[in-house]
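For reference, the structure is listed below as structure tokens.
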2 protein chains.
Amino acid sequence: MDDLTLIQIDRNVKQWLRQARTLVLTKMTERLTVNEKSSRKDLVTNVDKENEKFLITKIKNYAPDSHVLGEEGFGDQINREKGWIWIVDPIDGTMNFVKQQDHFAIMVALYIDGQGVLGYIYDVMNDELYSGGPNLGVFKNDVQLDQPANTALADGLVSLSAPLLIHDRFNLLQAADESSGVRVYGSAGIEMIHLLTGKIITYVSYLKPWDFAAGKILGETLGLVTSTIDGQPLDMLSSGFVMVATENAQRDILPIIGQNG
Amino acid sequence: MDDLTLIQIDRNVKQWLRQARTLVLTKMTERLTVNEKSSRKDLVTNVDKENEKFLITKIKNYAPDSHVLGEEGFGDQINREKGWIWIVDPIDGTMNFVKQQDHFAIMVALYIDGQGVLGYIYDVMNDELYSGGPNLGVFKNDVQLDQPANTALADGLVSLSAPLLIHDRFNLLQAADESSGVRVYGSAGIEMIHLLTGKIITYVSYLKPWDFAAGKILGETLGLVTSTIDGQPLDMLSSGFVMVATENAQRDILPIIGQNG
């Protein structure tokens, strides 16, 4: 794909996302309908659903041959990586959205034949849109971001999902102890933003494709490594334990996880 | 103290804090000097020290008979609650300040004869100053805040310090499990702000007087309860395990902590 086409797609996606943000902010002034999915800690609201439908409609109108994988199930069943695949998380961090009205994100990613092309993470309440990909670089709104420092585990803050920490899965307590400290923000999108800007240096959580699709593209563009928790390549259509980290932090953590009994 | 005097003090403290914020932002553009205090996870920088000196000078010039308790030790030795006591935390969340250049606060509190009169928590990077007390109400910049909802444990997010969670002190894992989820922001000031605005409903951590002095005043003004972890009154000059919570969340958590073996 030539750069001009890429820039045109990018311009369109940003326009949809700004409209999606307005939709979300408007709906936040009305009464939410909140339902439980797999458990009482796994929520979905009418806003998740309406925003996913909005984004899928925009994508399908613009690029009708695309396949779309959406968190709330309004997209397509996708079994292979061929062609244009869009991955949509209409509200990432729905618990934060419901309980805090803050600290959540809208995320969109475009993969073509399995390759990450464009990623978007929109911190709605701060009105900060992180966007880009390998050909364009990564931007916070209109400002291009530099690579974050390649910080070692001992010198940075790490974000570990609370359930993994609580049950000491994968020897993560030792990794936490060797870091500068643990933070938990409750939204994969917000944690990814903090990785892109160097505020944390590692993020480990059980993630589904829509949780990591955009962050993988943006993170790898800025020199971060994304992998399974044991350092293997991510399958963009599968769920699992994911690690996003600086190269040096990944180097420090993998042997700790390897000691997991 | 009459309200006019209180409003005059409040106006002065806000002016000092805006100057302190400018001092901090300016110093952040220069190279930090970072030193360890009790451990490698307990940091102090030149900015903590310079800002504490700045605030203490302002206080002593304005109210020379005051005693000042400062985190970095440039204030007075204080053994009793009599008179005007100011409590100053020049940079709360120094680890965040050093590693994130975000998510930290400047905090000031004024107690008179042991009673909380005025409290201030300044989220420096977001330029949000939370201020007030029992006579004035609580403000976010110029906007008065309503009381947060009196949410029960099961219906809200809780902030528990990572070391307490990791070592399952006080049966806190069960409390975490019964809540809607755990968040960890790494600054008592930022956690207090999230309590004041209803984004979290409980905060438990080992705190020193400068960590909780301002938050206690602002929180109690908005109907939150501050206590030791077993529900006893806080001694404003002592360190210990502190719980700040909605009334209903405290009611739900105290029996869980009581089961602690």
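Keep in mind that glycine also has a Cβ here, set from the backbone N, Cα and C atoms.
Note that TrEMBL annotation is computational and uncurated.
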Of A:ASP177, A:ASP211, A:ASP230, residue recorded by TrEMBL at the Mg(2+) site of A:GLU71, A:ASP89, A:ILE91, A:ASP92: A:ASP211
Three-state secondary structure of A:ILE91 (Mg(2+) binding site) from DSSP? strand
Counting across all protein chains, other CB atoms within 10 angstroms of the CB of A:GLU71 (Mg(2+) binding site) number 23
